[in-house]
Amino acid sequence: MVKKIGVLTSGGDAPGMNAAVRGVVRTALTEGLEVFGIHDGYLGLVEDRIEKLERHSVSDMINRGGTFLGSARFPEFKEVAVREKAIENLKKHDIDALIVIGGDGSYMGAKKLTEMGYPCIGLPGTIDNDIAGTDYTIGYLTALNTVIDAIDRLRDTSSSHQRISIVEVMGRHCGDLTLMSAIAGGCEYVITPETGLNKEALIQNIQDGIAKGKKHAIIAITELMTDVNQLAKEIEAETGRETRATVLGHIQRGGQPGAFDRILASRMGNYGVKLLIDGHGGRCVGIQNEQLVHHDIIDAIENMRRPEKLELYKVAEELF
């Protein structure tokens, strides 16, 4: 029977992580459990940065961006000896189970602990929206609004100067944030890992638009696909139209979470605790068709795939 649980945030931060921690803490205390916050992710777990949390510990946190527990990337957690040290620290505090809030790397750590017999629950916290088994991740929709706001501002100046603007959006190997922001921001072109980058076709499309009287354009592209500053130079050389690249970077991770992310994070935090109380371990939480669900975390990482957004790409193509 679970009496004490730990909670940590890991990997890249996302708006709504604090709301998720709050959901975990308040639910656990209401259910008569003790809660321990682990600072700086798996690194803090190994280094025993663990403190008991009370209701007041998460007061005034639901509206704050970032994560008050701190986060860190800790690749050394892949090593068995390092994970054994982590479990040793959990046992030292009599912590029976762990809730991990983060992205795919964080899930991998929870998976490894699960395989070593330690019950973990994963909550999807990442702006990339790249986690299998959920329609939305905590922080994604807030980041989407941040990107759209930037695109709106770029459109103002691009139209004033008859300029082509390239906007680099986060997402790594997932184009969801780029695709949705391109549709909502009215971008003329969208390039994601799912579509690939065809420079010749892109430049030809831009030239065709100019020939039809297009005065300016915005291109949304997912990070890591190419050097956007070099791409801007190539487009300007081929089209004769001034072209500039804007890398939004880590601004996409910051800021107050929107209402949707606050509610989603609160629901997921509450649900994660209930799963542990019901005897479930080694699970990851998701939301599908507006319903909270849970999956085997090992199966989710190894076998589940995110559905392709073919309909949305078709919409984007027809609107652009």
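First residue shown is number 1, and so on along the chain.
From the backbone N, Cα and C atoms, a Cβ is placed for every residue, glycine too.
Summarising the annotation, Swiss-Prot assigns ATP binding site to Gly12, Arg73, Phe74, Gly103, Asp104, Gly105, Ser106 and lists sequence analysis as the type of evidence. Under a cutoff of 8 A between CB atoms, and with a sequence separation of 6+ in the same chain, the neighbours of Phe74 (ATP binding site) are Ser10, Gly41, Tyr42, Leu43, Val46.
As annotated by Swiss-Prot, ADP binding site applies to Arg22, Gly23, Val24, Val25, Arg26, Arg155, Gly186, Cys187, Glu188, Lys212, Lys214, Lys215, His216. In this view, Val24 (ADP binding site) is surrounded by 31 other Cβ atoms within 10 Å of its Cβ, with every protein chain counted.
Taken from Swiss-Prot, the feature Mg(2+) binding site applies to Asp104. Remark: Asp104 (ATP binding site) has Thr126, Asp130, Ile131, Ile301 as non-local neighbours, by Cβ distance under 8 Å and separation of at least 6 in sequence.
Using a 10 Å radius centred on the Cβ of Ile251 (substrate binding site) and all shown protein chains, the other Cβ atoms total 14. Taken residue by residue with DSSP, Ile251 (substrate binding site) is part of a helix. Per Swiss-Prot, the feature substrate binding site maps to Thr126, Ile127, Asp128, Arg163, Met170, Gly171, Arg172, Glu223, Arg244, His250, Ile251, Gln252, Arg253; the stated evidence is sequence analysis.
Per Swiss-Prot, the feature active site, proton acceptor maps to Asp128; the stated evidence is sequence analysis. Using a 10 Å radius centred on the Cβ of Asp128 (substrate binding site) and all shown protein chains, the other Cβ atoms total 26. Under the three-state DSSP scheme, Asp128 (substrate binding site) falls in the coil class.
In this structure, Gly186 is the one among the binding-site residues Gly12, Arg26, Gly105, Gly186 with the smallest number of other Cβ atoms inside 10 Å of its Cβ. A coil conformation is recorded for Gly103 (ATP binding site) in the three-state DSSP classification, outside any helix or strand. Within 10 Å of Gly103 (ATP binding site), counting C-alpha to C-alpha distances, fall none of the binding-site residues Arg26, Met170, Gly186, Lys214, His216, Ile251. Following the DSSP three-state reduction, the secondary structure of Arg244 (substrate binding site) is strand. You'll find the Cα of Ser106 (ATP binding site) roughly 17 Å from the Cα of Val24 (ADP binding site).
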